[in-house]
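Student: Sharing a structure below in structure tokens format, with a few things to ask.
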């Protein structure tokens, strides 16, 4: 059967089985294992484990997925379900360590090295499953996904998330690192299971047949599963937005915990288990005098499973080769050339049909002035950005966070880069910031994610700007994720302290302090104060969120330790999982500071009470709170009106000309808002296309809705990032809106991938009503039509527009666009693109 004839049937079969879910998927686990290996530094005694794992990728990758091998009913009718279950827990690891130490003393031969690599893969799977499935933990990935997107139903989130993670992985990531053959140490597994159970519980044929099914399932995922992206994106915006970054059980967090368990496994292999505490939950293992974070509790995964049909088996030659102790499975190519050719041809034709081939509008800007990148993968360069004149030379400088930055032995410690501007603006050449940034600050806590948020203010009121940096995952090694904010004092010579002068911490577990930061005058003394948003903080419940402010003042001294519980001003969210503080914005209205706080997953549950069934509540309506501090009561609220819209995800303000009248306006983004598109006489729902509302701001009334903007593609997250700034020196602010997940083709991922766009609207050409709905073309909405510029992503699938900022020099005001998933310098490391608009 050819690959092309297989594809439609496979896609239908996978789609029909998706609602049943599956174990946390093959692709997801393989990606976690790949990332965990990237910065592993593990050379104990006579073994360099990183080199061993790199040499034996065939065994390592097979081991990563193996624990789920016997779950599906296609594997001998599911009779060995319990064997898979036992492979997820510490007793299996303990039995494996003792088996290897008793039978294969160092130095190891190649087959034993493969066994060790296979075991390391299994331990990655063990660690990842605990936080992904919330096994013995609160607020792991799937449990939070259930609370946000499935009315609190863990089982529904489990069903969608396990297989949806694979769909997302295949849609977003390049799996060109996947080994074309896998090795399973069958004879050794028989010995390990006999040691674990004290009797024979499984046969060689069962291990070979069921692990071969896994291998074929991986082939199926590589072939077609990414085409289900629209289905799973519709089901769960949380899955799409938080898959990599979520603090407990996101991809990066699971990779971090994989590296931790690798260190423990190597310790046990070389020293035995006598100096280890081995609770059943593998995330709580401790060796060598380390303290357990908590014993945790073992909970059965109780997975959903999909049954793959034998049609897949018929499509791939049964390439199985036995060795003395194991078996190899092989495939000539993971993605047949015929399929790649077909996809590319279809993509070209559809782009030509709907976009007009390669012709670009004159308003399109496809080439940046310069691009800045990093040479280390997964850094998330540009996750946070701010601009200020740090060295006090009269030119704006760029401050950029890379919270995912890692180097060997130091995972996700994070970095902050300072790039100084001059008469020409920012450096007009491409830069590797690790080599050419003017200043670098580096985090020092394991997986602390230093650089997740930034703010510049004169905190100690000495006339020199200081820098505040958020590190919301500090405490991840203890599973507390309390977070921290570090303040670096500036000097009159234009420099900055090399270590933090002030540390602000939080006592609550899962506080994630420092997720958002803002400089705004809270106490009315005309000096900006430090405002901290923690949307995942308990706030008296679960992820209600808090916003706290510390007043600036000369009494703040060097090396001071502050607790957020003692903040000068604090407000809290209304509901569990409402993420109050997800976005922050400050604006001066009639000489008073208006502080705006976004709570995008607010759902008005408190109003519903027990009058309505939980299924009747509207998920993630979103709400924005407006405060005139120091008053802690909100002056107004703006609430979303459509489920899953997430109003308040982004906020910005400025001055525009509205029908000839100068207006101070507030922009509020609802990036997952469902809008309606009209193509001639056909009406289509644009799921998660995104929308932005523009309000008039006054100090004595509720903001008045003036205009709306809408995206033109499903899932594009139009309005997910907003900014207003005067780009042409006419005294009016241009409106800048990003759609970082926009997909060029109208099939929303069936053919092409993300290309991201940023729209710039001139500040003197705004009108009342629907700005993007009155179109000359036969397709509405038309966000490009009224835009002055449309910035086109220079790189596909890079999340172009994931954040943006403007940097002003004496001569120009430049736009800096982050592409958080760019692979310009290294895989998914992120990049910054600099544009000079309106300054010719």
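Placement of Cβ uses the backbone N, Cα and C atoms for every residue, glycine included.
It should be emphasised that the depicted structure is a prediction, and the values quoted were computed from it without experimental measurement.
So Swiss-Prot lists the following for this protein:
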- 1-23: signal peptide (SIGNAL)
- 94: N-linked glycosylation site (CARBOHYD)
- 271: N-linked glycosylation site (CARBOHYD)
- 292: N-linked glycosylation site (CARBOHYD)
- 307: N-linked glycosylation site (CARBOHYD)
- 321: N-linked glycosylation site (CARBOHYD)
- 367-428: repeat 'FG-GAP 1' (REPEAT)
- 499-559: repeat 'FG-GAP 3' (REPEAT)
- 501: N-linked glycosylation site (CARBOHYD)
- 563-623: repeat 'FG-GAP 4' (REPEAT)
- 568: N-linked glycosylation site (CARBOHYD)
- 591: N-linked glycosylation site (CARBOHYD)
- 604: N-linked glycosylation site (CARBOHYD)
- 633-693: repeat 'FG-GAP 5' (REPEAT)
- 659: N-linked glycosylation site (CARBOHYD)
- 704-770: repeat 'FG-GAP 6' (REPEAT)
- 788-840: repeat 'FG-GAP 7' (REPEAT)
Student: Within the repeat 'FG-GAP 3' (499-559), how many residues are helix, strand or coil going by DSSP?
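Tutor: DSSP classes over the repeat 'FG-GAP 3' (499-559) add up to 0 helix, 21 strand, 40 coil.
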Student: Does anything in the same chain, at least 6 positions from residue 659 (N-linked glycosylation site), have a Cβ under 8 Å from its Cβ, and if so what?
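Tutor: The list for residue 659 (N-linked glycosylation site) reads 767, 768, given in order along the sequence.
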Student: Pop the Cα-Cα gap between residue 568 (N-linked glycosylation site) and residue 501 (N-linked glycosylation site) into the table, whole Å please.
Tutor: 19
Student: Between the repeat 'FG-GAP 7' (788-840) and the stretches 367-428, 563-623, 633-693, 704-770, work out which stretch tops the count of Cβ pairs under 8 Å.
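Tutor: Result: 367-428.
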Student: Please name which of the glycosylation sites listed here, 94, 321, 604, is nearest in space to residue 271 (N-linked glycosylation site), Cα against Cα.
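Tutor: So, spelling it out, the nearest of the glycosylation sites is 94.
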Student: Validating a neighbour-count step here. Other CB atoms within 10 A of the CB of residue 604 (N-linked glycosylation site): how many?
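Tutor: Step by step: centre on the Cβ of residue 604 (N-linked glycosylation site), count other Cβ atoms within 10 Å, giving 15.
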Student: Drop a 10 Å sphere on every Cβ of the glycosylation sites 271, 321, 501, 568, 591 and tell me which sphere holds the fewest other Cβ atoms.
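Tutor: Comparing Cβ neighbour counts within 10 Å for the glycosylation sites 271, 321, 501, 568, 591 gives 591.
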Student: Roughly how many angstrom lie between the C-alpha atoms of residue 591 (N-linked glycosylation site) and residue 568 (N-linked glycosylation site)?
Tutor: 21
Student: So how many other Cβ atoms are close to residue 94 (N-linked glycosylation site), meaning within 10 Å of its Cβ?
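Tutor: Other Cβ atoms within 10 Å of residue 94 (N-linked glycosylation site): 19.
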Student: Closest to residue 604 (N-linked glycosylation site): which of the glycosylation sites 94, 321, 568, going by Cα position?
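Tutor: So, of the listed glycosylation sites, the one sitting closest to residue 604 (N-linked glycosylation site) is 568.
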Student: Where residue 321 (N-linked glycosylation site) and residue 94 (N-linked glycosylation site) are concerned, what is their Cα separation in Å, rounded?
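Tutor: A Cα-Cα distance of 29 Å.
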Student: To the nearest whole angstrom, state the Cα distance for the pair residue 568 (N-linked glycosylation site) and residue 94 (N-linked glycosylation site).
Tutor: 50
Student: Through the lens of DSSP with three states only, how would you label residue 568 (N-linked glycosylation site)?
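Tutor: Assignment for residue 568 (N-linked glycosylation site) reads coil.
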